[in-house]
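Report on the structure given below.
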């Protein structure tokens, strides 16, 4: 069971501020404590009988010096015990805890033999070589060398380091306590030599303020392989089991060794060189910006190393290797649901378990449900009140039966943004090509105004919510260019047909902030048959909506991208009738979206998607005054009534590089049903002016069953001149 995020934050943890300084809590919060890892310590031995090392000492621990063969690991000096405590003292509620308190310690005593049994305070390179080979053969993951000494690196010792590197062992050496401008410690030089192929790290010391310790050797020539860690007044235990505070690069280095053990447990698929690179790359920059000659790469940062590094991607295939080249960029993964889908997918468990892989192919929770944006329910109030505010119009008759009009948004004239050029301009042209036949051509003006009840003279209602009498399917594509033709067949019958095209380049795009309807090409082809008689109108429409990069106005990027066109065939019925003093009107629209395989993203397919909208209303003239009009309407905006999406999401990875995927079918039906109840009143004040009042109530706005009702009221005064 995963503990609370702060369960690691105990008094024992706080006794060693170095743990907080390096951000070790980020690992502990994820139950990472070094369990399953073995860290070798080449030093003066360890007092294995201390409570701090209960169960911590690996059975292959040994005294490598032949002259002491058969003797115990007893630490006559105390140095090795302190180092071991910093790495792996148990979390037992007393004294202190190590960085990797769950790791095993392979203690290798290698200090020189002393006939008196007292500490000799020196090491022979031959014994360090032997200790390194023993650690290598024991299969440890990390070897810690908190040892000093200058000189050249003997061939045998260099070969031992190479052998360890070939076994993918991480080699950590202290920088030394001579206060020099560069590292001259032969062990440090050896573990970072070319033969170790990126397996070595050198560690300097800083104090609590992250300032380089006066005694610490600086990075110098080894800056690329050098980090700093806490090395002043570090709490540990000595060989008698007493609490002590220790200072020196000898206690800085085991912070890094412990961190390496944590990372090896957390990310078992990473190689030693990758973990070394991760430690160096995520170190907190100190001193001069970038790698410098004092702090090298910076301060050890376990939290940074545990977090995603580089560009993260959502794997679309079955292997992590493929994700490096074919994965979808995680930060760009966004889905904008069209209004018809409401709150669908927002709580999908599989999408919530989606993972992403960082540059090291490490798996992290992506929870892409947080990247699903819903179309916010709107009431169209600003447009209803403002109308075409800011637009400059000019129109004129053309020939005997034509009319052309142009509009320009004046505020856009001074905007020097290439992507926005022309976005505020529109034109419309209508002409009678033969008696009874009219053609309309427009750009930036909706074709919907020439179909259905919207084309009826004296439209029955002027709603705040937008006109639900217009085709909802046409509206998805009706913002670009269009052409339509209507012809009178006689006896009140007329037929109309049109094509509307919306292309990606139309209008002003805003990069990642693009709005609904701003992704992909959309096209509608539709036809209408209408019957008109003295008391009303009735008609039927048929059409097909083709979307490239979207589906019913839903569009996505990266892992949510729609790779194939989506077709929706739709039909609609509309009618308006004069029932004495009252006019009744209504529309019903229904769409069938073709089953579609969308590609290799998180949403692989759409199936069984059906959608509908409807409106019913009553209107009456001369209610309170001559030439006034009162209308009441009830409408449901376009809503997906059935359908599902095929989800295929990565939910984990194995140590051998396989991506674990989960497939499921997710309902696309929203939880609620938005109903718009609207009351509108208009009174003509004179031939050129009118006053409008509107009131709107929306239940379950956004088709969200959990959303409270929304209300809007407005008053509008119009003057025509």
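The backbone N, Cα and C atoms fix where each Cβ goes, glycine too.
On the 0 to 100 pLDDT scale, the domain 'Peptidase S8/S53' (34-298) averages 95 in the predicted structure. Residues or ranges marked as domain 'Peptidase S8/S53' by TrEMBL: 34-298.
Among the features that TrEMBL reports, active site, charge relay system is placed at 43 (among others). Every protein chain shown contributes to the tally, and the Cβ of residue 43 (active site, charge relay system) ends up with 27 other Cβ atoms within 10 Å.
Taken from TrEMBL, the feature active site, charge relay system covers 79 (among others). Its Cβ taken as reference, residue 79 (active site, charge relay system) is surrounded by 24 other Cβ atoms within 10 Å in the chains shown.
A helical conformation is recorded for residue 250 (active site, charge relay system) in the three-state DSSP classification. Within 10 Å of the C-beta of residue 250 (active site, charge relay system) there are 27 other C-beta atoms, taking all protein chains into account. What TrEMBL records for 250 (among others) is active site, charge relay system.
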Does DSSP give residue 43 (active site, charge relay system) helix, strand or coil?
strand
Write down the Cα-Cα distance for residue 79 (active site, charge relay system) and residue 43 (active site, charge relay system), rounded and given in Å.
7
